[in-house]
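Copied over from TrEMBL, here are the features:
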- 18-157: domain 'EamA' (DOMAIN)
- 288-315: region 'Disordered' (REGION)
- 12-38: transmembrane segment (TRANSMEM)
- 44-64: transmembrane segment (TRANSMEM)
- 76-99: transmembrane segment (TRANSMEM)
- 105-129: transmembrane segment (TRANSMEM)
- 141-161: transmembrane segment (TRANSMEM)
- 191-211: transmembrane segment (TRANSMEM)
- 232-255: transmembrane segment (TRANSMEM)
- 261-280: transmembrane segment (TRANSMEM)
């Protein structure tokens, strides 16, 4: 019994620890990128280096993992190569370059806040393209709409209001620091450009998600796939806002002059909106599932009643 309980505890704790570690690694990469670009590295060069290194590391493992999967048809067909090119163009070339250029103009906490816009943008784009069902009478749809508005409000807050820095080494006077609380009264106008580039990157990733759905190919890391198989489809996205406390803690220590209370507040607002949209999505899918089950039960009962009516008519 003790061994079974220990396995059950490990089965519950290990996926959570793995996802927290994954989010920490993502924020670590973001902070490392910010450090490299602050020392003069071009964001475009950084994107090339990181993806080239990732390809070199993962390509041998891919061949080793799929060595027994032999297909009679050729894998590298023209349609397949076009899909790979299109996904790479949207999800890597455009999205990552926009994100890292935006990072060079802002800070890692902005990256976390803007990344939490993707569910809200996906919901809005789904309504525009008529891929998502929206019903005012359902609490899930209302929650998704409210969460989207909260997330967008947090994004606007990050863009327009920086607030005072977390820790300023130069110790300016209060009169000099007061005019810099709002972005447009600050001489550093690149902050707005960085936020807009992050927003454009989030929109690009949202389109990338729709293209993946069309191509029926979802690209995720092995840790996320393992956690999804073990805990279900809603487990992995629930840990996305965990990057905000990571970025707030380590970023305020490593980049104190670029971390502002206003941007941190906006990032936490985006996190609240993210979880609101996430909860609404779960409620909507539960409602749709129960409605579909009810239709199946009603159709089966109708099929069972028809022979009885026929027998009664024959009698």
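Placement of Cβ uses the backbone N, Cα and C atoms for every residue, glycine included.
In the domain 'EamA' (18-157), helix, strand and coil residues by DSSP number 110 helix, 0 strand, 30 coil. With pairs at least 6 apart in sequence, the transmembrane segment (191-211) and the transmembrane segment (76-99) have 3 or more Cβ pairs within the 8 Å limit; the two touch. Sequence-distant neighbours of the transmembrane segment (261-280) (same chain, 6+ residues past either end, Cβ-Cβ under 8 Å): 106-107, 109-110, 112-114, 116-117, 119-120, 123, 139-159, 161-166, 181, 234, 237-238, 240-241, 244, 247-248.
Mean pLDDT for the domain 'EamA' (18-157) in this predicted model: 79. Only residues 6 or more beyond the boundaries of the transmembrane segment (44-64), in the same chain, are considered here, and those with a CB under 8 A from a CB of the stretch are 29, 33, 36-37, 92-93, 96-97, 100-101.
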